[in-house]
Amino acid sequence: MKHKIRLGVNVDHVATLRQVRGGTTAYPNLLDMVKKSVKGGAEQITIHLREDRRHIQLEDLKVLSKHCSVPLNLEMAATSQMVTYAKKYRPDWVCFVPEKRAELTTEGGLDVKKGFKKMFPMVEKLQRIGIEISMFIEPSLEQVEASYEIGADAVEFHTGKWVMLKGARKAAEWKRLCDAAEWAHYLGLNVHAGHGLDYEHSKLINKLPHLQEVNIGHSLVCYALEHGMEESVRKMRKILK
């Protein structure tokens, strides 16, 4: 019998609405939206503390580390400053992601192989204090293997490219995802997925081999503008079986 896929709700774009006026408004209240997400069925909350602070702020990490009732997953760049924050606020998970200041959103996966020497001690330091580590990567066998060698607990596959493609190219990208998931599972890594997922693509991602977790944000926040955060998350929770 297939296990239920864990739903992580990314609330970055709740913070985007708050910050759009330069952070001068206290609404929408991030913790309130987190509580509504949990009530709707979120089993994890994900935030990306970017170096440019375009949405999530350090204060948000501080508040959620104290008051989030489900596991907290912190997405962050591999920098010494971010490692310091992670050590201080102790999220349940840290997901290492790439960052470019000019990008509108994360554009692709992390090159773990290229950054291995820099990230290895970071992974070690965080795991030593009980934080689990995932690597946000493209569905590449090489990147899966590098993630295994660096000691990660999980890989999160970047699904954005697959979401955007059509026809034969979409089918080819799906095969890449499936092959990478099989290899990750064989190596003992947990299999996660995220980026660009909406209700329709979440019906399909259910079929990814060995999938244990998805992290979804933008589409849920958009749907919530009409139907509320709790209902938005509840609808997604029903899809992920």
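Note: Cβ is positioned from N, Cα and C throughout, glycine not excepted.
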Further 3-amino-2-oxopropyl phosphate ligand in Swiss-Prot, beside Asn10, Arg21, Gly217, His218, within candidate set Gly151, Gly167, Gly188, Gly196: Gly196
Whole-number Å value for how far Glu156 (site 'Transition state stabilizer') lies from His48 (active site, proton acceptor) (Cα to Cα): 14
Taking residues Asn10, Arg21, Gly196, Gly217, His218, which bind 3-amino-2-oxopropyl phosphate in the record, the widest Cα spacing (Å, whole number): 25
Candidate with sparsest Cβ neighbourhood (10 Å radius) among His55, His195, the listed recorded positions: His55
Fewest other Cβ within 10 angstroms of its own Cβ, chosen from the recorded positions Asp12, Glu75, Glu156: Asp12
